[in-house]
Amino acid sequence: MQVAKGVKLPTTAIGCDCRGNCLNSHDCSCAKLNSTDSKHYDFPYVHRDGGRLVEAKAVVFECGPKCGCGPDCINRTSQRGLKYRLEVYRTPKKGWAVRSWDFIPAGAPVCEYIGVLRRTEDLDNACDNENNFIFDIDCLQTMRGLGGRERRLRDVSISTIYNSDRPDDQKVENTPDYCIDAGAVGNVARFINHSCEPNLFVQCVLSSHHDLKLARVVLFAADNIPPLQELTYDYGYELDSVHGPDGKVKQMVCYCGAEGCRGRLF
C-alpha cells in the first residue's frame, strides 16, 4: 500500500504481550478487542486450513507490529500474503476477471485491496472519470448499514475503534473520508468483478493502528469456492447513487449473471 501526500497514518497500536503465538484469547489484548463480552473473548480465526475467519464481522482486530507474537500467530491470518494461485483472464462482457486455480475454503482470506491511500475529497477534486478502480473505505458506513450496505454493528462498540488522536471524528457520515486508488498502483484485487450474489465478502481489518477510517480492506471467501470459478464481491452501490460531472444520475448494466441479479451495478 502506498500513502498519498497529505494523508497521515495513525500512531501504531500498543499491541499484546503474548510470546511466540497467541494461544489464550483471554490473555491476548488484541483478541479481547473483537468482543465487548468478557465471557466470549475469542480469536476471530480458527486454525483450520491455515486460518479461517469464523464469520463476517464489523471489524477484525489482528495483532500488529508492536505485538510480542510472531508471523505464524493465528491472529495474523490476513497478513501472510497470497496463498492461492490467482489468474486474471478476459470475459466476453465484463472485461477482466479473476479466478483461482486452487480450491478456496469458506472463511479463507483471498487477497487485500491494494493501491494508493487517498482522501476521498482529493480524488473528487481531480475529476478523473476514467478511473474505475476506486475502493471507498466505508467500514463505518457498513457498520451502521448506511447507503444500502449490509449492517454489521453487533458486538463492537464504535467508541473502541476511533483513534484517540482524532477526537473530532465522533460522527458517522454517508461519505467515507478515505479511499484506495488502484488506478495506477494496485494488485490482483482491482480486477475482481461485482456480483449480486458474490462468493467473496469485504472485511475491514485493523492491525497496525485502530482507526477504522483507514482500515485494511481484505476479501474473504464467503463459501467454498471450487477451482476456476470466477471470484466476485458485491461492490455495494446503491441504485441511482452515482452522478456524472453534470450532476445527472449515471447507470451501468450488471452482467454478473446471478439468479437474483439486480439488473444494474448502479
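A Cβ is built for glycine as well, from the same backbone N, Cα and C atoms used for every other residue.
A TrEMBL annotation is a machine prediction, not a hand-curated record.
Listed in TrEMBL:
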{"type": "DOMAIN", "residues": "14-81", "note": "domain 'Pre-SET'"}
{"type": "DOMAIN", "residues": "84-236", "note": "domain 'SET'"}
{"type": "DOMAIN", "residues": "250-266", "note": "domain 'Post-SET'"}
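Here the domain 'Pre-SET' (14-81) has a mean pLDDT of 91 out of 100. Helix, strand and coil content of the domain 'Post-SET' (250-266), in residues and according to DSSP, is 0 helix, 2 strand, 15 coil. For the domain 'Pre-SET' (14-81), the number of residues in each DSSP class (helix H, G, I; strand E, B; coil) is 16 helix, 8 strand, 44 coil.
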